[in-house]
Amino acid sequence: MPRGSRSRTSRMAPPASRAPQMRAAPRPAPVAQPPAAAPPSAVGSSAAAPRQPGLMAQMATTAAGVAVGSAVGHTLGHAITGGFSGGSNAEPARPDITYQEPQGTQPAQQQQPCLYEIKQFLECAQNQGDIKLCEGFNEVLKQCRLANGLA
């Protein structure tokens with residue numbers, strides 16, 4: 001076994017002699033480098049990805065969107081067509097009539113067919129200082145009399 005002891009001593013000596021050399025020349029501190037980005041693995045990405053909603057959740061979300069859109073659409077439609085003015089039980093609005101003939105005029109016109117034209121001519125003659133300005137009304141009155149056989 002002397003052989004093993006020799007080798008042991010000889011082996012131990014060289015490392016001891018090397019140690020002082022290393023201490024004499026200290027190494028500079030290593031510069032910190034950012035770690036290289038590891039490519040994403042298939043196992044890690046599935047755990048980090050958010051969970052997607054199921055089919056029923058998507059259908060419920062779509063139905064809610066349709067309901068809101070329908071409500072907004074109906075409200076705007078009623079606003080445009082006058083739904084805010086009183087609801088569906090209210091009477092429909094009557095159009096404004098700009099001209100209505102008096103009810104008593106019809107029998108009077110049957111008795112005197114050119115009464116309206118006469119009134120127009122007389123009103124013009126009273127309001128105008130010059131009768132020549134009322135020639136148009138006079139001409140209409142003459143045409144009415146000819147058409148009704150009164151001339």
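Even glycines carry a Cβ here, placed using N, Cα and C.
Annotation in Swiss-Prot places Cys144 in a disulphide bond whose other cysteine, of Cys114, Cys124, is Cys114.
Per Swiss-Prot, the listed range annotated as motif 'Cx9C motif 2' is 134-144 (candidates: 57-67, 134-144). Close to Cys124 (disulfide bond) in the fold, though at least 6 residues off in sequence, lie Leu133, Cys134, Phe137, each with a CB less than 8 Å from its CB. Mapped onto three states, the DSSP output places Cys144 (disulfide bond) in helix.
Per-residue confidence over the motif 'Cx9C motif 1' (114-124) averages out at a pLDDT of 91.
Other Cβ atoms within 10 Å of the Cβ of Cys134 (disulfide bond), summed over all protein chains shown, number 19.
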